[in-house]
Amino acid sequence: MVIATETSSSHHRRLTFAAFLNSDPAAEEEEQSHGVDVTNPSSSNNNTNKDVHYHQQRQSNASTTSGDSSPNQVLSPWNQTYSPYYTDTTTTPSMSPSPWNQTYSPYYKSPWIYQTRNMDDDTDNGLIGTIVRQDGHVYSLAASGDLLFTGSDSKNIRVWKDLKDFTGFKSTSGLVKAIVITGDNRIFTGHQDGKIRVWRGSKRRTGGYSRVGSLPTLKEFLTKSMNPKNYVEVRRRKNVLKIRHYDAVSCLSLNEELGLLYSGSWDKTLKVWRLSDSTCLESIQAHDDAINTVAAGFDDLLFTGSADGTLKVWKRELQGKGTKHFLVNVLMKQENAVTALAVNLTAAVVYCGSSDGTVNFWEGQKFLSHGGTLRGHRMAVLCLAAAGSLVLSGGADKNICVWRRNGDGTHSCLSVLMDHVGPVKCLTAVVEAEDDGKGHREKGDQKWIVYSGSLDKSVKVWRVTETASTVIG
(Lines of atoms letter the chains of each structure in order from A and count residues from 1; the text may use other names and numbers.)
(Lines give C-alpha, C1' and ligand atoms only; values in the text may rest on other atoms or scores of the structure.)
Protein backbone atom coordinates (compact mmCIF):
# COMPACT_ATOMS: atom_id res chain seq x y z
CA MET A 1 0.00 0.00 0.00
CA VAL A 2 1.38 3.36 -0.92
CA ILE A 3 0.27 6.60 0.62
CA ALA A 4 1.53 9.93 -0.65
CA THR A 5 1.60 13.02 1.55
CA GLU A 6 2.99 16.52 1.54
CA THR A 7 4.83 18.07 4.47
CA SER A 8 4.58 21.65 5.57
CA SER A 9 8.20 22.30 4.63
CA SER A 10 9.34 23.46 1.21
CA HIS A 11 10.23 19.97 0.02
CA HIS A 12 8.47 16.65 -0.28
CA ARG A 13 9.25 13.94 2.17
CA ARG A 14 7.95 10.38 2.56
CA LEU A 15 8.14 8.46 5.80
CA THR A 16 8.26 4.70 5.80
CA PHE A 17 5.24 2.52 6.46
CA ALA A 18 7.44 0.79 9.01
CA ALA A 19 6.15 3.29 11.52
CA PHE A 20 3.37 0.76 12.08
CA LEU A 21 5.79 -2.09 12.41
CA ASN A 22 8.18 -0.74 15.02
CA SER A 23 10.86 -0.41 12.38
CA ASP A 24 10.45 -3.98 11.11
CA PRO A 25 13.37 -4.49 8.65
CA ALA A 26 11.31 -6.44 6.09
CA ALA A 27 8.49 -3.92 5.98
CA GLU A 28 10.93 -1.00 6.07
CA GLU A 29 12.60 -2.36 2.96
CA GLU A 30 9.23 -2.71 1.23
CA GLU A 31 8.09 0.84 1.88
CA GLN A 32 11.42 2.67 1.86
CA SER A 33 10.71 4.55 -1.35
CA HIS A 34 6.91 4.78 -1.34
CA GLY A 35 5.37 4.68 2.15
CA VAL A 36 4.68 7.41 4.65
CA ASP A 37 3.38 7.74 8.16
CA VAL A 38 -0.40 7.28 8.09
CA THR A 39 -0.90 7.72 11.79
CA ASN A 40 -1.96 11.28 10.96
CA PRO A 41 -5.03 11.17 8.72
CA SER A 42 -4.63 14.83 7.82
CA SER A 43 -1.37 13.96 6.05
CA SER A 44 0.24 17.24 7.04
CA ASN A 45 2.74 18.66 9.53
CA ASN A 46 4.52 15.33 9.82
CA ASN A 47 8.03 16.66 9.38
CA THR A 48 8.71 16.72 13.10
CA ASN A 49 7.61 13.11 13.62
CA LYS A 50 10.57 11.23 12.20
CA ASP A 51 10.02 8.04 14.10
CA VAL A 52 6.39 7.42 14.98
CA HIS A 53 5.72 4.04 16.52
CA TYR A 54 2.57 2.01 16.93
CA HIS A 55 2.79 1.65 20.72
CA GLN A 56 -0.86 2.04 21.60
CA GLN A 57 -1.88 -0.27 24.39
CA ARG A 58 -4.99 -2.35 24.15
CA GLN A 59 -8.22 -1.88 26.05
CA SER A 60 -10.70 -4.55 27.02
CA ASN A 61 -12.20 -6.33 24.03
CA ALA A 62 -15.71 -6.53 25.43
CA SER A 63 -18.22 -4.18 26.99
CA THR A 64 -21.89 -4.35 27.80
CA THR A 65 -24.45 -1.76 26.89
CA SER A 66 -24.50 -0.59 30.49
CA GLY A 67 -20.75 -0.20 30.59
CA ASP A 68 -20.26 -2.96 33.19
CA SER A 69 -17.95 -5.86 32.56
CA SER A 70 -16.70 -8.88 34.44
CA PRO A 71 -13.70 -11.20 34.06
CA ASN A 72 -16.01 -14.10 33.18
CA GLN A 73 -17.71 -12.33 30.33
CA VAL A 74 -17.03 -13.76 26.89
CA LEU A 75 -14.96 -11.36 24.83
CA SER A 76 -16.88 -10.10 21.83
CA PRO A 77 -16.30 -7.02 19.68
CA TRP A 78 -20.03 -7.12 18.90
CA ASN A 79 -20.82 -6.10 22.48
CA GLN A 80 -19.04 -2.79 22.01
CA THR A 81 -20.76 0.52 21.77
CA TYR A 82 -19.68 1.96 18.45
CA SER A 83 -16.74 4.29 18.65
CA PRO A 84 -14.39 4.86 15.73
CA TYR A 85 -11.87 6.32 18.13
CA TYR A 86 -11.42 3.18 20.17
CA THR A 87 -7.74 2.53 20.90
CA ASP A 88 -5.89 -0.66 21.73
CA THR A 89 -3.59 -0.98 24.71
CA THR A 90 -1.82 -4.26 24.24
CA THR A 91 1.42 -4.64 22.41
CA THR A 92 1.96 -7.51 20.03
CA PRO A 93 3.29 -10.58 21.87
CA SER A 94 6.83 -11.54 21.19
CA MET A 95 7.25 -14.14 18.47
CA SER A 96 9.47 -17.19 18.51
CA PRO A 97 12.24 -17.72 15.93
CA SER A 98 10.87 -18.59 12.50
CA PRO A 99 10.44 -22.33 11.84
CA TRP A 100 10.68 -21.46 8.14
CA ASN A 101 14.47 -21.35 8.61
CA GLN A 102 14.63 -25.11 9.17
CA THR A 103 16.67 -26.78 6.49
CA TYR A 104 14.90 -30.11 6.29
CA SER A 105 11.49 -28.75 5.26
CA PRO A 106 9.97 -25.28 5.45
CA TYR A 107 6.51 -26.80 5.91
CA TYR A 108 7.36 -29.60 8.35
CA LYS A 109 5.92 -27.67 11.23
CA SER A 110 3.44 -24.91 10.55
CA PRO A 111 4.38 -21.43 11.84
CA TRP A 112 0.70 -20.73 12.37
CA ILE A 113 -1.27 -21.39 15.53
CA TYR A 114 -5.00 -21.90 15.19
CA GLN A 115 -7.09 -20.73 18.11
CA THR A 116 -10.85 -21.12 18.45
CA ARG A 117 -13.00 -18.79 20.48
CA ASN A 118 -16.66 -19.61 21.12
CA MET A 119 -18.98 -16.62 20.94
CA ASP A 120 -21.60 -17.66 23.46
CA ASP A 121 -23.09 -14.19 23.64
CA ASP A 122 -23.82 -13.98 19.90
CA THR A 123 -23.80 -17.13 17.81
CA ASP A 124 -24.59 -15.26 14.60
CA ASN A 125 -21.92 -12.57 14.74
CA GLY A 126 -18.39 -12.26 16.05
CA LEU A 127 -14.91 -13.70 16.07
CA ILE A 128 -14.62 -17.38 15.15
CA GLY A 129 -10.89 -17.92 15.37
CA THR A 130 -7.38 -16.58 14.94
CA ILE A 131 -4.42 -17.81 12.94
CA VAL A 132 -1.25 -16.23 14.32
CA ARG A 133 1.75 -16.02 12.05
CA GLN A 134 5.14 -16.12 13.71
CA ASP A 135 7.47 -15.03 10.93
CA GLY A 136 5.83 -12.31 8.87
CA HIS A 137 3.11 -9.76 8.38
CA VAL A 138 0.06 -10.77 6.35
CA TYR A 139 -0.19 -8.61 3.23
CA SER A 140 -2.70 -10.52 1.10
CA LEU A 141 -5.30 -13.26 1.21
CA ALA A 142 -7.90 -14.89 -1.02
CA ALA A 143 -10.61 -17.49 -0.45
CA SER A 144 -11.84 -20.14 -2.87
CA GLY A 145 -14.43 -22.63 -1.69
CA ASP A 146 -13.18 -24.13 1.57
CA LEU A 147 -9.58 -23.01 0.93
CA LEU A 148 -7.91 -19.88 2.23
CA PHE A 149 -4.69 -18.59 0.64
CA THR A 150 -2.48 -16.21 2.62
CA GLY A 151 0.60 -14.27 1.51
CA SER A 152 3.19 -12.59 3.69
CA ASP A 153 6.58 -10.93 3.66
CA SER A 154 8.17 -14.37 4.13
CA LYS A 155 7.61 -14.92 0.34
CA ASN A 156 5.47 -17.98 1.11
CA ILE A 157 1.84 -18.71 0.24
CA ARG A 158 0.06 -20.86 2.77
CA VAL A 159 -3.14 -22.79 2.04
CA TRP A 160 -5.70 -23.49 4.76
CA LYS A 161 -8.64 -25.86 4.68
CA ASP A 162 -11.32 -25.68 7.35
CA LEU A 163 -8.95 -23.30 9.15
CA LYS A 164 -6.31 -26.00 9.45
CA ASP A 165 -2.88 -26.09 7.84
CA PHE A 166 -3.40 -27.79 4.47
CA THR A 167 -0.33 -27.09 2.34
CA GLY A 168 1.94 -24.32 1.11
CA PHE A 169 4.20 -23.18 -1.69
CA LYS A 170 6.90 -20.56 -1.89
CA SER A 171 8.40 -18.09 -4.34
CA THR A 172 12.07 -17.36 -4.68
CA SER A 173 11.80 -13.65 -3.98
CA GLY A 174 9.41 -10.82 -3.29
CA LEU A 175 6.84 -10.59 -0.50
CA VAL A 176 3.31 -11.48 -1.63
CA LYS A 177 1.27 -8.29 -2.03
CA ALA A 178 -1.76 -9.63 -3.94
CA ILE A 179 -3.53 -12.95 -4.60
CA VAL A 180 -6.40 -13.75 -6.98
CA ILE A 181 -7.86 -17.13 -7.95
CA THR A 182 -9.55 -18.00 -11.24
CA GLY A 183 -12.45 -20.36 -11.79
CA ASP A 184 -10.11 -23.01 -13.22
CA ASN A 185 -8.09 -22.94 -9.97
CA ARG A 186 -5.11 -20.97 -11.19
CA ILE A 187 -3.57 -18.74 -8.54
CA PHE A 188 -1.99 -15.44 -9.57
CA THR A 189 0.27 -13.72 -7.05
CA GLY A 190 1.74 -10.22 -7.26
CA HIS A 191 5.10 -9.64 -5.61
CA GLN A 192 7.30 -6.90 -4.26
CA ASP A 193 9.96 -7.73 -6.88
CA GLY A 194 7.61 -6.68 -9.70
CA LYS A 195 6.75 -10.21 -10.83
CA ILE A 196 3.40 -11.90 -11.29
CA ARG A 197 3.64 -15.64 -10.69
CA VAL A 198 1.14 -18.28 -11.75
CA TRP A 199 0.43 -21.45 -9.75
CA ARG A 200 -1.84 -24.45 -10.20
CA GLY A 201 -2.93 -27.28 -7.97
CA SER A 202 -1.82 -30.79 -8.84
CA LYS A 203 -4.46 -33.23 -10.10
CA ARG A 204 -2.37 -36.21 -9.05
CA ARG A 205 -1.25 -35.11 -5.60
CA THR A 206 -3.76 -33.69 -3.14
CA GLY A 207 -2.56 -30.40 -1.75
CA GLY A 208 0.27 -30.12 -4.24
CA TYR A 209 0.84 -26.76 -5.92
CA SER A 210 3.50 -25.85 -8.44
CA ARG A 211 4.48 -22.74 -10.36
CA VAL A 212 3.35 -23.04 -13.97
CA GLY A 213 4.60 -19.70 -15.25
CA SER A 214 4.89 -15.98 -14.76
CA LEU A 215 3.71 -12.79 -16.44
CA PRO A 216 4.95 -11.94 -18.94
CA THR A 217 5.75 -15.39 -20.26
CA LEU A 218 9.34 -16.14 -21.19
CA LYS A 219 8.36 -16.52 -24.84
CA GLU A 220 6.66 -13.12 -24.98
CA PHE A 221 9.47 -11.50 -23.04
CA LEU A 222 12.12 -12.74 -25.47
CA THR A 223 10.04 -11.88 -28.52
CA LYS A 224 9.22 -8.33 -27.43
CA SER A 225 12.71 -7.61 -26.13
CA MET A 226 14.09 -7.82 -29.69
CA ASN A 227 12.21 -4.69 -30.77
CA PRO A 228 13.46 -1.33 -29.38
CA LYS A 229 9.95 0.12 -29.79
CA ASN A 230 8.76 -2.12 -26.96
CA TYR A 231 10.90 -0.29 -24.40
CA VAL A 232 10.01 2.76 -22.34
CA GLU A 233 12.28 5.11 -20.42
CA VAL A 234 11.52 5.02 -16.69
CA ARG A 235 14.35 7.21 -15.53
CA ARG A 236 17.48 8.74 -16.98
CA ARG A 237 19.45 6.15 -18.93
CA LYS A 238 17.17 3.34 -17.83
CA ASN A 239 14.79 1.67 -20.27
CA VAL A 240 12.55 -1.27 -19.45
CA LEU A 241 10.32 -3.56 -21.47
CA LYS A 242 6.85 -2.05 -21.22
CA ILE A 243 5.07 -5.41 -20.87
CA ARG A 244 6.86 -6.00 -17.57
CA HIS A 245 6.44 -4.25 -14.22
CA TYR A 246 9.71 -2.84 -12.91
CA ASP A 247 8.40 -2.02 -9.42
CA ALA A 248 6.19 -3.78 -6.86
CA VAL A 249 2.93 -5.30 -8.11
CA SER A 250 0.57 -3.84 -5.53
CA CYS A 251 -2.82 -5.14 -6.74
CA LEU A 252 -4.55 -7.66 -9.01
CA SER A 253 -8.14 -7.97 -10.21
CA LEU A 254 -10.01 -10.43 -12.43
CA ASN A 255 -12.77 -10.04 -15.00
CA GLU A 256 -13.35 -13.66 -15.93
CA GLU A 257 -16.31 -12.85 -18.17
CA LEU A 258 -13.93 -10.95 -20.44
CA GLY A 259 -11.07 -13.35 -19.73
CA LEU A 260 -8.83 -10.58 -18.41
CA LEU A 261 -6.45 -10.03 -15.50
CA TYR A 262 -5.52 -6.50 -14.42
CA SER A 263 -2.35 -5.62 -12.51
CA GLY A 264 -1.42 -2.32 -10.90
CA SER A 265 2.05 -1.39 -9.77
CA TRP A 266 4.13 1.19 -7.98
CA ASP A 267 5.66 1.86 -11.41
CA LYS A 268 2.42 3.84 -12.10
CA THR A 269 1.28 1.49 -14.86
CA LEU A 270 -1.82 -0.61 -15.35
CA LYS A 271 -1.36 -3.77 -17.38
CA VAL A 272 -4.03 -5.92 -19.01
CA TRP A 273 -3.40 -9.65 -19.45
CA ARG A 274 -5.36 -12.24 -21.42
CA LEU A 275 -6.01 -15.25 -19.22
CA SER A 276 -6.16 -17.81 -22.03
CA ASP A 277 -2.53 -17.40 -23.14
CA SER A 278 -1.05 -14.99 -20.53
CA THR A 279 -0.39 -12.35 -23.19
CA CYS A 280 0.01 -8.71 -22.19
CA LEU A 281 -2.61 -6.84 -24.21
CA GLU A 282 -2.02 -3.33 -22.88
CA SER A 283 0.38 -1.36 -20.74
CA ILE A 284 -1.16 1.94 -19.66
CA GLN A 285 0.60 4.83 -17.93
CA ALA A 286 -2.47 5.25 -15.75
CA HIS A 287 -1.41 7.57 -12.92
CA ASP A 288 1.18 10.13 -11.86
CA ASP A 289 2.14 8.15 -8.78
CA ALA A 290 2.08 4.57 -7.53
CA ILE A 291 -1.09 2.56 -8.16
CA ASN A 292 -2.40 1.16 -4.88
CA THR A 293 -5.58 -0.60 -5.94
CA VAL A 294 -7.48 -1.87 -8.98
CA ALA A 295 -10.99 -3.33 -9.21
CA ALA A 296 -12.94 -4.74 -12.14
CA GLY A 297 -16.46 -3.37 -12.00
CA PHE A 298 -19.90 -3.51 -13.54
CA ASP A 299 -20.70 -2.70 -17.18
CA ASP A 300 -17.13 -3.68 -18.15
CA LEU A 301 -15.75 -0.71 -16.20
CA LEU A 302 -12.38 -0.76 -14.47
CA PHE A 303 -11.45 1.37 -11.45
CA THR A 304 -7.93 2.34 -10.38
CA GLY A 305 -6.78 4.29 -7.31
CA SER A 306 -3.39 5.84 -6.75
CA ALA A 307 -1.13 7.66 -4.34
CA ASP A 308 -1.64 10.70 -6.58
CA GLY A 309 -5.08 11.04 -4.96
CA THR A 310 -7.17 10.15 -8.00
CA LEU A 311 -9.82 7.51 -8.63
CA LYS A 312 -10.08 6.81 -12.35
CA VAL A 313 -12.63 4.92 -14.41
CA TRP A 314 -11.63 2.99 -17.53
CA LYS A 315 -13.80 1.29 -20.13
CA ARG A 316 -12.91 -1.36 -22.70
CA GLU A 317 -13.97 -0.28 -26.18
CA LEU A 318 -13.41 -1.41 -29.73
CA GLN A 319 -10.53 0.12 -31.62
CA GLY A 320 -9.90 -1.15 -35.13
CA LYS A 321 -9.75 -4.92 -35.06
CA GLY A 322 -9.09 -5.10 -31.35
CA THR A 323 -10.08 -3.50 -28.06
CA LYS A 324 -8.47 -0.95 -25.80
CA HIS A 325 -9.14 0.59 -22.40
CA PHE A 326 -9.91 4.31 -22.43
CA LEU A 327 -10.14 6.75 -19.53
CA VAL A 328 -13.79 7.78 -19.25
CA ASN A 329 -13.95 9.57 -15.90
CA VAL A 330 -11.99 10.80 -12.90
CA LEU A 331 -14.31 10.37 -9.92
CA MET A 332 -11.96 11.81 -7.32
CA LYS A 333 -8.94 14.08 -7.22
CA GLN A 334 -7.66 14.92 -3.76
CA GLU A 335 -4.53 15.42 -1.71
CA ASN A 336 -4.99 12.19 0.22
CA ALA A 337 -3.97 8.93 -1.39
CA VAL A 338 -6.55 6.47 -2.68
CA THR A 339 -5.71 3.27 -0.84
CA ALA A 340 -8.47 0.69 -1.45
CA LEU A 341 -11.39 -0.14 -3.74
CA ALA A 342 -14.35 -2.52 -3.61
CA VAL A 343 -17.28 -2.99 -5.98
CA ASN A 344 -20.83 -4.14 -5.29
CA LEU A 345 -21.65 -5.62 -8.69
CA THR A 346 -25.35 -6.21 -7.93
CA ALA A 347 -26.14 -2.70 -6.74
CA ALA A 348 -23.61 -1.03 -9.11
CA VAL A 349 -21.73 0.75 -6.32
CA VAL A 350 -18.00 1.42 -6.11
CA TYR A 351 -16.38 2.14 -2.72
CA CYS A 352 -13.12 4.05 -2.38
CA GLY A 353 -10.97 4.17 0.77
CA SER A 354 -8.48 6.96 1.40
CA SER A 355 -5.55 7.75 3.64
CA ASP A 356 -7.66 10.25 5.59
CA GLY A 357 -9.79 7.41 6.98
CA THR A 358 -12.89 8.01 4.85
CA VAL A 359 -14.76 5.73 2.45
CA ASN A 360 -16.52 7.49 -0.43
CA PHE A 361 -18.94 5.70 -2.74
CA TRP A 362 -20.49 6.24 -6.16
CA GLU A 363 -23.52 4.51 -7.61
CA GLY A 364 -25.35 4.14 -10.91
CA GLN A 365 -24.56 2.07 -14.00
CA LYS A 366 -25.15 4.64 -16.74
CA PHE A 367 -23.93 7.63 -14.78
CA LEU A 368 -21.86 7.36 -11.62
CA SER A 369 -22.87 9.90 -8.99
CA HIS A 370 -21.37 10.46 -5.57
CA GLY A 371 -23.57 8.76 -2.98
CA GLY A 372 -21.88 9.86 0.22
CA THR A 373 -19.00 9.34 2.65
CA LEU A 374 -18.62 6.73 5.37
CA ARG A 375 -16.60 7.88 8.37
CA GLY A 376 -15.60 5.13 10.76
CA HIS A 377 -11.79 5.22 10.94
CA ARG A 378 -9.46 7.68 12.59
CA MET A 379 -6.52 6.55 10.44
CA ALA A 380 -5.98 5.45 6.86
CA VAL A 381 -8.32 2.90 5.28
CA LEU A 382 -6.04 0.12 4.01
CA CYS A 383 -8.52 -2.40 2.55
CA LEU A 384 -12.14 -2.86 1.50
CA ALA A 385 -14.34 -5.86 0.74
CA ALA A 386 -17.91 -6.05 -0.58
CA ALA A 387 -20.19 -8.90 0.53
CA GLY A 388 -23.82 -8.78 -0.55
CA SER A 389 -25.34 -5.63 0.92
CA LEU A 390 -22.34 -5.29 3.25
CA VAL A 391 -19.08 -3.46 2.78
CA LEU A 392 -16.19 -3.94 5.20
CA SER A 393 -13.35 -1.48 5.72
CA GLY A 394 -10.06 -2.26 7.45
CA GLY A 395 -7.83 0.50 8.71
CA ALA A 396 -4.49 1.47 10.16
CA ASP A 397 -6.37 2.06 13.41
CA LYS A 398 -6.58 -1.79 13.75
CA ASN A 399 -10.36 -1.81 13.37
CA ILE A 400 -12.79 -3.28 10.82
CA CYS A 401 -16.02 -1.38 10.23
CA VAL A 402 -19.01 -3.36 8.94
CA TRP A 403 -21.45 -1.25 6.91
CA ARG A 404 -24.79 -2.25 5.40
CA ARG A 405 -26.28 -0.59 2.35
CA ASN A 406 -29.97 -0.02 2.98
CA GLY A 407 -32.76 -0.08 0.43
CA ASP A 408 -32.80 3.70 0.12
CA GLY A 409 -29.07 3.85 -0.65
CA THR A 410 -27.99 5.01 2.81
CA HIS A 411 -25.48 3.06 4.88
CA SER A 412 -25.59 1.95 8.51
CA CYS A 413 -22.69 0.81 10.66
CA LEU A 414 -23.55 -2.64 12.01
CA SER A 415 -20.39 -3.24 14.00
CA VAL A 416 -16.75 -2.38 14.60
CA LEU A 417 -14.52 -5.44 14.89
CA MET A 418 -11.66 -4.70 17.28
CA ASP A 419 -9.52 -7.75 17.89
CA HIS A 420 -6.40 -6.99 15.81
CA VAL A 421 -3.40 -5.36 17.47
CA GLY A 422 -1.92 -4.09 14.21
CA PRO A 423 -3.13 -2.34 11.03
CA VAL A 424 -5.64 -4.40 9.03
CA LYS A 425 -4.02 -4.87 5.61
CA CYS A 426 -6.40 -7.17 3.69
CA LEU A 427 -9.98 -8.45 3.76
CA THR A 428 -12.06 -11.01 1.92
CA ALA A 429 -15.49 -12.55 2.50
CA VAL A 430 -17.26 -15.73 1.40
CA VAL A 431 -20.83 -16.93 1.88
CA GLU A 432 -21.18 -19.20 4.88
CA ALA A 433 -22.12 -22.72 3.81
CA GLU A 434 -24.41 -23.40 6.77
CA ASP A 435 -28.18 -23.24 6.36
CA ASP A 436 -31.35 -23.43 8.46
CA GLY A 437 -31.30 -27.25 8.54
CA LYS A 438 -33.62 -27.60 5.56
CA GLY A 439 -31.06 -26.88 2.86
CA HIS A 440 -31.80 -23.18 2.47
CA ARG A 441 -31.68 -19.88 4.29
CA GLU A 442 -34.48 -17.58 5.14
CA LYS A 443 -34.78 -14.61 2.80
CA GLY A 444 -32.54 -11.74 3.86
CA ASP A 445 -30.69 -13.86 6.42
CA GLN A 446 -27.39 -14.00 4.53
CA LYS A 447 -24.34 -14.82 6.64
CA TRP A 448 -20.72 -14.28 5.64
CA ILE A 449 -17.35 -15.58 6.78
CA VAL A 450 -14.85 -12.72 6.78
CA TYR A 451 -11.07 -13.16 6.79
CA SER A 452 -8.87 -10.26 7.85
CA GLY A 453 -5.08 -10.17 7.53
CA SER A 454 -3.04 -7.78 9.62
CA LEU A 455 0.42 -6.42 10.20
CA ASP A 456 0.16 -7.99 13.65
CA LYS A 457 1.11 -11.24 11.85
CA SER A 458 -2.32 -12.81 12.20
CA VAL A 459 -5.42 -13.72 10.23
CA LYS A 460 -8.72 -13.47 12.05
CA VAL A 461 -11.94 -15.20 11.03
CA TRP A 462 -15.30 -13.55 11.68
CA ARG A 463 -18.95 -14.32 11.10
CA VAL A 464 -21.21 -11.41 10.12
CA THR A 465 -24.82 -11.27 9.04
CA GLU A 466 -26.71 -8.73 6.97
CA THR A 467 -29.58 -8.74 9.46
CA ALA A 468 -27.57 -7.64 12.48
CA SER A 469 -28.94 -4.69 14.43
CA THR A 470 -27.52 -1.28 13.64
CA VAL A 471 -24.87 0.18 15.94
CA ILE A 472 -24.88 3.64 14.37
CA GLY A 473 -26.55 4.95 11.22
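For all residues, glycine too, the Cβ spot is worked out from N, Cα and C.
Please treat TrEMBL annotations as automatic predictions, because they have not gone through curation.
Some features that TrEMBL has for this protein:
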COMPBIAS  39-49  compositional bias 'Low complexity'
COMPBIAS  57-80  compositional bias 'Polar residues'
REGION    25-81  region 'Disordered'
REPEAT    242-283  repeat 'WD'
REPEAT    284-315  repeat 'WD'
REPEAT    331-363  repeat 'WD'
REPEAT    374-403  repeat 'WD'
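The stretch from 242-283, 284-315, 331-363 with the most CB pairs below 8 A to the repeat 'WD' (374-403) is 331-363. If you look at the repeat 'WD' (284-315), the same-chain residues 6 or more away from its ends with a CB under 8 A from one of its CBs are 1-4, 34, 247, 250-255, 258, 260, 262-272, 325-343, 345, 348, 350, 352, 365, 368. Confidence over the repeat 'WD' (374-403), given as mean pLDDT on the 0 to 100 scale, stands at 96.
Using DSSP to sort the residues of the repeat 'WD' (242-283) gives these counts of helix, strand and coil: 0 helix, 24 strand, 18 coil. Across the repeat 'WD' (331-363), DSSP helix (H, G, I), strand (E, B) and coil residues number 0 helix, 22 strand, 11 coil. Helix, strand and coil counts under DSSP for the repeat 'WD' (284-315) come to 3 helix, 20 strand, 9 coil. Residue counts for the repeat 'WD' (374-403) under DSSP, split into helix (H, G, I), strand (E, B) and coil, are 0 helix, 19 strand, 11 coil.
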